[in-house]
Structures are given as structure tokens and as C-alpha cells.
Amino acid sequence: MTVRDVAVEILLQIEKNQAYSNLLLNSMIKKHQVNSKDISLLTEIVYGTLQRRDTLDFYLEGFLKKAKKIEPWVRVLLRISVYQMVYLDRVPERAIFFEAVEIAKKRGHKGISSFVNGVLRSVQREGIPDLNVIKEPDERLSIKTSHPKWLVQKWIKQFGFDEAEKMCESNLLAPSQTARVNQIKKTVHEIISELQSKDISVEQGDLAVDAIKGMKGNLALTEAFSEGLLTIQDESSMLVARALNPKENETILDSCAAPGGKSTHIAELMKGTGIVHSLDLHEHKVKLIKQQADRLNLKNIQAETMDSRLAGDRFTKESFDRILVDAPCSGFGVIRRKPDIKYTKSQQDVLKLAELQKNILASVAPLLKSNGVLVYSTCTVDEEENRGVVETFLNEHQNFERDESAINNFPEKLHPYVHKGEVQLLPHYFETDGFYIACLRKKG
Ligand SMILES: C[S@@+](CC[C@H](N)C(=O)[O-])C[C@H]1O[C@@H](n2cnc3c(N)ncnc32)[C@H](O)[C@@H]1O
């Protein structure tokens, strides 16, 4: 199968089965033994086409008017072809046309291949339509950046038009790769010079003191990763354990812990002492926490499969020094990494998730000691989750208050975004994931 054959197959499965783009891409690369030089083109076509799906449909609309019903695979093929024509300078148009026609012949018949050829030739001849013909600003932003209109309208209401526009545009960029240094084993400077001596160019991160950035290629394949010196993690996520601020020998609950990014960070900050109880609802995901703890040689993590809404049946009241609720959320902060999120998540999902987050917080709150710290975090930017959930929690739990101590020690460049013990990072502020962190304390 050629790169474009595989791209059509992946995009079709995402559409039909709502498969996760990142997981499916990795498994298809393995299944079809895509060679390393083709992986970047495949990734670019799959993510680019997915990121710009609605824009591409808008471009194609005028050329498809006379067509009766278009089969899903034909639409996907046209989308990837127009994506390459419009956004990828280095791919010659004759290669795009030739491959599109070959795929259409293989998957369909001669009639379909002439149809595909005809549509693409018309796009080439007449050019793509100007997006400025869309008069309504919210509709134009929705089509231009390929975010559903309800979400664009919600973000305009929440952040204002300019901020919403910046966020939608930055969601189209490729995510950066950062890693956390396991500071039990090496300092950030030691790791940087070690990697540089192997011609891997890296530098210190911008926001988190544990971060290195700028690496190209797959970090999971490096020696430093398999030796447990590094964990791939976005810098915004690294701020969560710093906000929790665990101390050596403490007892910590991480109530939604898989795949273990933050549990392992907490365990590292405790230098392998004390205990981190890491819960997750799904058994297969709990295995991932154990794998990460083993890779990093962390003995102070105890991972268990459990619904954290039932944690009160398993643990005694007031038994934890600190609790983290890194909650299941809509994920609107990680659209760069998982573009499918913007098409699959609905406002109803947001409301359900906010309810689940409130229930998890309410269940774990009694397990925290007096003066203990509760951190609630999400990788979303949605106000009905995030701030809305914290406000409901504080109204219903008068024995809790906002806690500014740890979050005020964040690097100075974050200060404009820190307010009363909470921080909302949007992806365009520092090219990180969009992330929300709130620190609360149980009154003594
Ligand atoms: C945002 S992810 C956690 C990421 C993790 N903290 C990390 O840094 O790697 C949310 C997790 O919550 C889990 N989850 C969802 N509902 C849950 C529940 N009721 N109890 C425990 N875990 C739950 C999901 O399986 C998912 O792994």
C-alpha cells in the first residue's frame, strides 16, 4: 500500500468508527510497515487533512454540486488530494493526481477515477474559493479553522473574538515535543549535555523546571527514555505536580492516574519515598501506569483499578496529605494532538463530564487531611468544566478554600495567567497544550 492508500484508510476509520487518530496512526504504521522516510508525509497528510476537514469540504463544495451521492472513501480521497494541493508545497501536483486516480481505480471503478480526476482538474484550473465570501465572522472562523460552529461561538462568548481566533488558529499547528527529566537520576543540565554529545539537539523548557524541549524524532526510541531518564510530557502537564507540591514521605492520592504521567512525576518529586496511590477506572490503563513506574524504577507508586467515586469504600477519611484529580475532560486543550476531538465532542459531553468531575471531587474530598492540598486539573479550556466545577465544589464544600501558595511560585511568565490559585493556559500563550489547574486547601 502507498502512503496515500494508508492515509485514506486511516481517515476513513476515524470517520466511521470514531477511532482515535494518534492510536490508529501508530498501529497502521506498524501494520503496513510504513518506512521511516514515509512516516512524516503520512503523519502530515493524516493530521493536516483531519485538522482542516471542514475547510477542505468548503473548498470542494462548489466542485461537487452536480455529483449525486459521494461515497465516504471518495470524499476522503478528494480531501487528502486538495489538502496536498493547497497546503503542501513540496508535493508535485502530478504526483497527487496520479495517486488519487490510482486509488480511485483500485477502490472503485473507471467511472469514479474519472470523476476524481475531473474534480481535481477543476480545482487546479479554477482555484479554491475565497473564505471571505462567508460574511458572518463566527461562521467564517469556524470554516477557516475547521472548528464546529457551536464551539467557536462558545469560545467567542468565553474569551472574546480575538482570543478565540488565536486559539482556533493555533490548534492547527503541529504540537511541540517536550520531555520531563527524571531528576532522581539526572539534572536537566546533565541530560541536555548527554543528549547533545549524541548529536540530539535539545534545550531547557520554557515553563516547567523539569522540562527539555526541541527534540526531533521519536524520543521513545532513545536510550535516555528506555533507561528511565525521560518521560514524554507536555510542559503544561508538568506544572500539575509542581502545583500539588508533594513532600518526601507523604501519602498521596492520584484519583484519575492513567497512563501515569503525573503519578510518576509526583513519585519522582518525592524521591521515591512515601506512597502514591494511583487509581484509574480501566484495568488496561492501570497496566500502563505500572509499566511507566517500572521503566522509571519508581517503587513508591501503587496502581489500582478503581472508580474513584468509590474511593471512600477503600480508603479511610483524612488519610491523604495531598490529592490530585486530573479529571477526564472534553480535551479541548489538546486538539493539536488529537484533532478528532473537535468533531466528536459535543456540548452534551461537556455537561456530562463536568458532572463526573464534580462527583469525583466530592468523593475524594473527605479523604484529605486537614490543611491538605487538593489539585484539580484538566486538559481543556471549557469554563463549564474548569472554573464552573471549582465554583460548585467550593459552594458545596465550605471546609475548602482556594490555595495560592504553590502556584504563586510558578515562573514569572505564567503570573499574568494565575489568579487566586488557578491558572488557565490557552495553547497559543506558550505553544503548550491548553491546560487548567486549580489548587484548593482543606481548612484546618
Ligand atoms: C486526563 S486522564 C488522566 C491522565 C493522567 N493523570 C496522566 O497524567 O497521565 C483521565 C483518566 O481518568 C480515568 N477515569 C475516568 N473516569 C474515572 C473514574 N470514575 N475513576 C477513576 N478514573 C477515571 C480515565 O480512564 C483516564 O485515564
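Using N, Cα and C of the backbone, Cβ positions are placed for all residues, glycine too.
Together with Cys256, Ala257, Ala258, Pro259, Gly260, Gly261, Lys262, Asp280, Asp326, the S-adenosyl-L-methionine site in TrEMBL holds one more listed residue from Asp206, Asp307, Asp349, which is Asp307.
Rounded to a whole number, the distance between the Cα atoms of Cys379 (active site, nucleophile) and Asp307 (S-adenosyl-L-methionine binding site) is 20 Å. Note on the domain 'SAM-dependent MTase RsmB/NOP-type' (167-443): its mean pLDDT in the predicted model is 95. Cys379 (active site, nucleophile) is surrounded by 25 other CB atoms, counting those within 10 A of its CB over all protein chains shown. On the backbone, the CA of Cys256 (S-adenosyl-L-methionine binding site) and the CA of Cys379 (active site, nucleophile) stand 13 Å apart.
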